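J.: Quick one: structure below, then a few questions.
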């Protein structure tokens, strides 16, 4: 093909000037590789169309689903077809070949996380005797879960939380079920030892719960030999237990006496140590147990109240009696520290409003200034040490306010005594102004004057 830039060839091929102009126009009509048959005046529009086409070809992979097109004027026209993506085509489960009814594959039995069609039940696989891996000895094997026996370190980490939780809920059956699930092995005899060791550093109510726990476990989880072996170990380790609990010998003696009374220890346990005890602490514990057992035979001492039961487990009538005894003992001795200690040992912080109620009632019934001052001093000391909370104090006074109508029948001057006690309690900082203002006043009848015509008017002191 000849070059158009060769002047000699051009003169030979196109001898006339008109032909030169025609060829120049044809060259100018080729824009971006496209031959345009339009007139010379529409070259600008052709360039715009070519530019739009290049842009559409560039974005065709990204905007293939938008349905963009060109109008006759060269403008981009977007269709109203919702955009799609190649990913959307992949998620479409209909056949792309135009076949099928559009139903899911395998009738819904296929796909991720699907094990067969709905309602399908799989039968057990039959053992193939001709299978090269078949073993006739394993055909009737029974597989069981094996729990390894606990060693010393694991035993303490596992059983200690169980006993500590028992101190909170007091359910011995739950402890027995938890221990039955463990493979205690040779550590079975250490369960009573661990429970008693924890109870020596706990409260009296926890020691009572421990005695009940040992009685419940014996025969279910433990044997009498396990309990006896545990107490033998406790007597040997008393010198170490005294370091953490100075009263360990006396408390261990009470545990031994309670165990003998509950028939989980033989009566010959104490007699077996006569003349064979070298430790002073062990001798003290055995002497304490022997004394308690003799008292139970001669005086009828009840071992079920040896430790005292927990505050939340005692009946209300028993708690009221103990509160009254505590207040009467305080009025005789005047020892505020001892009264505070006894109130703490009751372990009934939710029942302290009864203590406040009984204390105020005792002031109203005594009709003496000595009782009033002693009770006021006691309440002030207990509130300062936060043994009695503000809420419990308020509830106790409000209960007295509500019962004043009945109390005034037995104590005619109860209203005046209550006003006096409430006023002094407010001055001492025991109660606040709001609680003082709630104090009731009994109205009384009096004649106002002769000019009232003998009418009666209610007034207060």
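Easy rule for this one: first residue shown is 1, then count along the chain.
Heads up, the Cβ atoms here are built off N, Cα and C, so glycines get one too.
Feature list, courtesy of TrEMBL:
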REGION    1-26  region 'Disordered'
COMPBIAS  49-59  compositional bias 'Basic residues'
REGION    49-124  region 'Disordered'
COMPBIAS  90-104  compositional bias 'Basic residues'
COMPBIAS  105-116  compositional bias 'Gly residues'
DOMAIN    154-275  domain 'MI'
DOMAIN    318-441  domain 'MI'
J.: Could you give the number of helix, strand and coil residues in the domain 'MI' (318-441) as assigned by DSSP?
T.: 100 helix, 0 strand, 24 coil
J.: Of the residues in the domain 'MI' (154-275), how many are helix, strand and coil by DSSP?
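T.: Its residues divide into 93 helix, 2 strand, 27 coil.
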J.: Under DSSP, the compositional bias 'Basic residues' (49-59) has how many residues in helix, strand and coil?
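T.: Split by secondary structure, the compositional bias 'Basic residues' (49-59) comes out as 10 helix, 0 strand, 1 coil.
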